[in-house]
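Noted in TrEMBL for the protein shown:
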| type | residues | note |
| --- | --- | --- |
| ACT_SITE | Cys79 | active site, nucleophile |
| BINDING | Cys317, Cys463, Cys515, Cys518 | [4Fe-4S] cluster binding site |
| BINDING | Ser364, Asp426, Asp427 | Mg(2+) binding site |
| DOMAIN | 79-299 | domain 'Glutamine amidotransferase type-2' |
Amino acid sequence: MAFSVEISSIFPFSLSAKPKKASQDTLFPCFTKPCLSPQVSKTLSFSVSCRRRSTLAPVFSSMITPQVAKEDDELHEECGVVGIHGDPEASRLSYLALHALQHRGQEGAGIVAVNHKGDLESITGVGLVSEVFTESKLNTLPGDIAIGHVRYSTSGASMLKNVQPFIATCKLGSLAVAHNGNFLNYKQLKRKLEENGSIFITSSDTELVLHLIAKSKAKTFLLRILDACEKLRGAFSMVFVFQDKLVAVRDPFGFRPLVMGRRSNGAVVFASETCALDLIDARYEREVCPGEIVVVDRGDVGESSMFMLSHPEPKQCVFEHGYFSQPNSIVFGRSVYETRRMYGEILATVAPVECDVVIAVPDSGTVAALGYAAKAGVPFQIGLLRSHYAKRTFIEPTQKIRDFAVKAKLSPVRSVLEGKRVVVVDDSIVRGTTSLKIVRMLRDAGAKQVHMRIALPPMIASCYYGVDTPRSQELISSKMSVEKIRKHINCDTLAFLPLDSLKQVYGPVESHSYCYACFTGKYPVTEEEEEENNAERELTAL
């Protein structure tokens, strides 16, 4: 038994959508000649004989790079996805949409397009969207169907081979996938697939989907996608492209957002947020429902949908409203701007303080700060300026400058702060190191008092559904009381938005549709529960 797998993000190139015959005698992968670009090369193609898996294993040992732990004091969304069907400039529109979604991932970007022959063409690279794509590269992505991806890694190290979309080939042909989320049962499924002969090239959990599709016994790609998705547990919003079809999938809990829109020429667009639709003049139509699979093709039907077994109560990520999504987006059917403003208004009601000015930690704290100031009747001013040109890493001066990394990103406005009682609104406190430096910076700029207000409840637990959070024991709120945190960061007062108050924003019915696990430690599905469920399923099968 043999199958062929191709991962486009290792080396992107033209790929036929017709089935590729795999040799039964293939022992080693063969590499096509890489192109000259240092960041974008051609595809690794290999055929695997499952009977000889042990012979192949050493070949990949040099390709595995250990993941480097992230030490910054911020939360990160892992990805943004886009899919476009029916527009002759699909790849260029995907490029623009990825620009709008750049805040969801800055480590890598990629686009796969279906050309006029039905072949899949791919460009991927490490870096920002504007760094990966050029005019000449976009010219190599013709066709009216395309999918795109921006990445911040929650699963898998930051390297070129992990940049999506991924392309795979099995006996039915070729397809590509872009994924936002995190598979909770990745390790269990990967282990089982490896025992049956699968060879994994990347360290991204998205590759798992391709192996499940390749192994499926279903007769069509669509049924294989359905079969694979029903095996997955956790958070996933995905777009697939194969033949003349674009498929959008959202997990039964609806953890991560995925919206559908339409351009004036009838082209259908899927994206992680509506801000991507706005940039390319697509009209927002609706969300992809939790558990829904939407299929778009060139037939008379246009688009159709089917459903996996949907969970009776969705658990959408509340951090999408509080931190990750752009304020001009509509996410989970709600305006992100209005939701954050309400956070700030309620925070001013439950945690008032005598002050002269309200400022924000830009950018995610800005709208909540506006709500706080309006409710408190205190002027909102720009007390901290954010440098949009500061890179993620810095070449620091030889002589150490205190709080250099924070100062490079945020600059205090002394005329706003000097001699004032300042309320500073932020969205969250993660490890506490950044908050401590911000408070010290404000005091150095002449603030008479510094009152920290956090527009979300204390984070006490890690997220396993697609947010790159530190381990629970590294979260300062899991180790310290609010008063101890206040003393640690050296502010005059500190208050978080209480969880009950957060739920008031959504009302008694809608509030049950959100996941609050990072605030409570109570998960809709845990890794331990999933292992137990897998064991029960295996026993039932026996």
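Glycine residues also receive a Cβ, built from the backbone N, Cα and C atoms like all the rest.
TrEMBL: automatically predicted annotations, no manual curation.
Locations of recorded TrEMBL features on the structure.
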{"residue": "Cys79", "record": "active site, nucleophile", "contacts (Cβ under 8 Å, 6+ apart)": "Arg104, Gly105, His149, Val150, Arg151, Tyr152, Gln164, Ala178, His179, Asn180, Gly181, Ser272, Gly466"}
{"residue": "Cys317", "record": "[4Fe-4S] cluster binding site", "contacts (Cβ under 8 Å, 6+ apart)": "Ala235, Phe255, Arg256, Pro257, Phe324, Cys463, Tyr465, Gly466, Val467, Tyr514, Cys515"}
{"residue": "Ser364", "record": "Mg(2+) binding site", "contacts (Cβ under 8 Å, 6+ apart)": "Gly322, Tyr323, Asp426, Asp427"}
{"residue": "Cys518", "record": "[4Fe-4S] cluster binding site", "contacts (Cβ under 8 Å, 6+ apart)": "Phe319, Met459, Ile460, Ala461, Ser462, Cys463, Val467, Thr469"}
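Apart from the site residues Cys317, Cys463, Cys515, Cys518, the chain places the Cβ of Phe255, Val318, Phe319, Tyr465, Val467, Tyr516, Ala517 no farther than 8 Å from the centroid of the site's Cβ atoms, the recorded [4Fe-4S] cluster location. In this structure, the binding-site residues Cys463, Cys515 were compared by how many other Cβ atoms lie within 10 Å of their Cβ, and the smallest count belongs to Cys463. Same-chain residues with CB within 8 A of the center of the Ser364, Asp426, Asp427 CB atoms, the Mg(2+) site residues themselves not counted, are Gly322, Tyr323, Ala360, Val361, Gly365, Ala368, Val425, Ser428, Ile454, Ala455, Leu456.
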